[in-house]
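Engineer: Swiss-Prot feature annotations, pasted as is:
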type	residues	note
BINDING	Cys72, Cys76	[4Fe-4S] cluster 1 binding site
BINDING	Cys75, Cys78, Cys83, Cys93	[4Fe-4S] cluster 2 binding site
BINDING	His116	CO binding site
BINDING	His249, Cys277, Cys322, Cys522, Cys551, Cys586	[Ni-4Fe-4S] cluster binding site
BINDING	Cys416, Cys419, Cys422, Cys464	[4Fe-4S] cluster 3 binding site
BINDING	Cys426, Cys454, Cys457, Cys460	[4Fe-4S] cluster 4 binding site
DOMAIN	407-435	domain '4Fe-4S ferredoxin-type 1'
DOMAIN	445-474	domain '4Fe-4S ferredoxin-type 2'
Amino acid sequence: MSKLTTGSFSIEDLESVQITINNIVGAAKEAAEEKAKELGPMGPTAMAGLASYRSWNLLLLDRYEPVLTPMCDQCCYCTYGPCDLSGNKRGACGIDMAGQTGREFFLRVITGTACHAAHGRHLLDHVIEVFGEDLPLNLGESNVLTPNVTICTGLSPKTLGECRAPMEYVEEQLTQLLATIHAGQESAEIDYDSKALFSGSLDHVGMEVSDIAQVSAYDFPKADPEAPLIEIGMGSIDKSKPLIVAIGHNVAGVTYIMDYMEENNLTDKMEIAGLCCTAFDMTRYKEADRRAPYAKIVGSLAKELKVIRSGMPDVIVVDEQCVRGDVLSESQKLKIPVIASNEKIMMGLPDRTDADVDSIVEEIKSGAIPGCVMLDYDKLGELIPKIAEVMAPIRDAEGITAIPTDEEFKVYIDKCVKCGECMLACPEELDIPEALEYAAKGSYEYLEALHDVCIGCRRCEQVCKKEIPILNVLEKAAQKSISEEKGWVRSGRGQASDAEIRKEGLNLVMGTTPGIIAIIGCPNYPAGTKDVYLIAEEFLKRNYLLAVSGCSAMDIGMFKDEDGKTLYEKYPGTFAGGGLLNTGSCVSNAHISGAAEKVAGIFAQRTLAGNLAEIADYTLNRVGACGLAWGAYSQKAASIGTGCNIYGIPAVLGPHSSKYRRALIAKNYDESKWKVYDGRDGSEMTIPPAPEFLLTTAETWQEAIPMMAKACIRPSDNNMGRSIKLTHWMELSKKYLGVEPEDWWKFVRNEADLPLAKREELLKRLEAEHGWEIDWKRKKIISGPKIKFDVSAQPTNLKRLCKEA
């Protein structure tokens, strides 16, 4: 082979010559070096793969041991099965019950991750097509725009186009993760847990890309603590106007409907309202300048079937995620057209993407089709308002609704034979027979009370031998309260600004702000929507920082105090103690985890890029935070919570969530699990059992409250912070459980840690019950605590972070 030499030649006289330049020698290296200079310091795990976080994950899983709650004893994954795995038996492929249960949980986590990532991909591609890849990311007064992206990939995108790389990274890793579920792949439960944690971190990347893309492109509020207040509830809808109802999570198509309404002066002539997270994002559209909003929120996922049965919508447009599988069949009964606007949910409807808008309207008006698929958003924007205008008078004239008349109501009540099948089928175990029995005697308040607790699943109706439309009966009994159902919720503000993080970071790390309480997730509550309101109210009164999102954020806004004010009207939307900030829809959850990460990056000056273990170690030991997904039902909720767990942020779930099959709970009595390094010299130091779980469930909201307060205690709390946190935890335990916690003394390092109002009493108890030596003249603890307080200690789980390592 001849040796290549350098030189030059002229192409001026050459004809019919095609020159292809592949890589310019040295150019890629130079570009990479320039990019590295721009990004700054880089941690060890940029563009992490399946094994990159394994050592950190196993460290977490060693302390927070998986507690498995399998749903059944069988595995039905392949044609060898079904295999009985009970009694420590293994399946034909060799997998045991632990491995199979780990696989089941992991499958739910990657499903949730894929859902958010696919949402982000669709949204990102669409806004790039419309607004161009050079559109800057504008999230408000922030320089740290993408903490989750930066931690996992090492990248810090500044434009829409630069968001493609992290999106491609998530998609590639999801393919690798999905492959591990195949028969004959991973079988160790502990490694499925590790992979689940990795998938959770990817989920927060996908969510972050989704929300920063729409915040930037659609002019959503940008880190705005005074984002507009939005009307919520069925009572907020003007029933004299045609009603468009949007259901789902991807707002891209709905923005075209709103544009058409604005351009054609229809915003005061018809109502547009949403269910689930599309509802939040349509109320954020073009609200960066705080214009008067006109879009409304009907409610959460639990309201979907109730709204359809009411007959109020004149057209329903669905996009993706959290859309009931019976939306079309239920809507057809009431002549409500359904338009599918996203490839992920097409409902078997005819595709009319290439058809003329007016011809589609005519088909729907005549009843030739019950709805259609419409993937052309320009046409969608015109189609939906036109259908609403045409169908509203037709449906009004026929008085279409599933709500029974007074006569029908009486007949249905009298048909009940008290067999109890409905109660057995109900996920909430509602005593429907008893309520119907009282109703038969003329007392309807019991039926009315079930309206808020009912999650609208319709399982009761399907087992009723007398074919009573139970959901309709409940709605009939609650007509008055439904008509008055009106609250206020703050539109999603987006992320916490860098300035807010700098100001509040010290309070969070020292513990003087007791903690961040994040109330997120779905409406599968065990005892009605008011639970999340009561939890939020309690923590706000105690100056915790509350971050909320999704369906839970909606339900918090549905209740008012004795002065007629919602929590959103009473408390500021700032990232500070006593603040109630609604970040927005489900994908905005990335801003909640991102806030904890930004405390490490901005306040503590830790390197974010490619540095997950160090950031997670910081939040685990220093940032008091706890999540609550009280009504979690979906795979997305599992992936969101698991993504918090890898960062050392614990989460409490409602009682239904044991069906996810896995919890992460430490043994608070095993002292060997509560040893860390002191970053100053690498010596071993003992810490209190805090937090004592990463993922667990509670049976009641009264149990959850003190559990969450305790979960905000951190090893690095200073004396004032520990005293404040112990005060709240002990008071809340006494208030809601009737007893003080039995292990409060384990968190006392010296007398300054004790709650100020009860210091002398607690010193006496420490002396009498635990044998601690007290100097009563100075009221100081002489001996007793196993944990010594050292204000300069640097607790860390990572040996490499120690100065003498």
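Each residue, glycine too, has its Cβ placed from N, Cα and C.
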Engineer: His249 ([Ni-4Fe-4S] cluster binding site): which of the binding-site residues Cys72, Cys454, Cys460, Cys464 is the nearest Cα neighbour?
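Structural biologist: Its closest listed neighbour, by Cα, is Cys454.
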Engineer: Take the C-alpha atoms of Cys551 ([Ni-4Fe-4S] cluster binding site) and Cys426 ([4Fe-4S] cluster 4 binding site) and report the distance between them in angstrom, rounded.
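Structural biologist: Cys551 ([Ni-4Fe-4S] cluster binding site) and Cys426 ([4Fe-4S] cluster 4 binding site) have their Cα atoms 21 Å apart.
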Engineer: Please indicate, using numbers and ranges, the residues of the same chain that are 6 or more beyond the domain '4Fe-4S ferredoxin-type 1' (407-435) and have a C-beta under 8 Å from a C-beta there.
Structural biologist: 446-447, 449-450, 453-455, 457, 459-466, 468-470, 472-473, 476-477, 524, 526-527, 656
Engineer: To the nearest whole angstrom, state the Cα distance for the pair Cys419 ([4Fe-4S] cluster 3 binding site) and Cys457 ([4Fe-4S] cluster 4 binding site).
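Structural biologist: Counting only the Cα atoms, the answer is 20 Å.
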Engineer: Work through the binding-site residues one by one (Cys83, Cys93, Cys426, Cys464) and name whichever has its CA nearest to the CA of Cys322 ([Ni-4Fe-4S] cluster binding site).
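Structural biologist: Going through Cys83, Cys93, Cys426, Cys464 one by one, the closest to Cys322 ([Ni-4Fe-4S] cluster binding site) is Cys426.
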Engineer: At the Cα level, what's the spacing in Å between Cys454 ([4Fe-4S] cluster 4 binding site) and Cys72 ([4Fe-4S] cluster 1 binding site), rounded?
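Structural biologist: The Cα atom of Cys454 ([4Fe-4S] cluster 4 binding site) is 27 Å away from the Cα atom of Cys72 ([4Fe-4S] cluster 1 binding site).
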Engineer: Nearest to His116 (CO binding site) by Cα, among Cys76, Cys457, Cys586 (binding-site residues)?
Structural biologist: Cys586
Engineer: Per DSSP, what is the helix/strand/coil residue tally across the domain '4Fe-4S ferredoxin-type 1' (407-435)?
Structural biologist: 18 helix, 0 strand, 11 coil
Engineer: Over the domain '4Fe-4S ferredoxin-type 2' (445-474), what does the predicted model average in pLDDT?
Structural biologist: 95
Engineer: Which one of the binding-site residues (Cys75, Cys426) has its C-beta surrounded by the most other C-beta atoms within 10 angstroms?
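Structural biologist: Counting Cβ neighbours within 10 Å, the top one is Cys75.
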Engineer: I want the residues beyond Cys426, Cys454, Cys457, Cys460 whose C-beta is within 8 angstroms of the mean position of the [4Fe-4S] cluster 4 site's C-beta atoms, in chain order.
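Structural biologist: Counting only non-site residues, the set is Cys422, Ala425, Pro427, Glu428, Leu430, Ile432, Ile455, Gly456, Arg458, Arg459, Ile470, Leu471.
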Engineer: Whole-number answer please: how many Å between the C-alpha atoms of Cys586 ([Ni-4Fe-4S] cluster binding site) and Cys75 ([4Fe-4S] cluster 2 binding site)?
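Structural biologist: So the alpha carbons of Cys586 ([Ni-4Fe-4S] cluster binding site) and Cys75 ([4Fe-4S] cluster 2 binding site) sit roughly 32 Å from each other.
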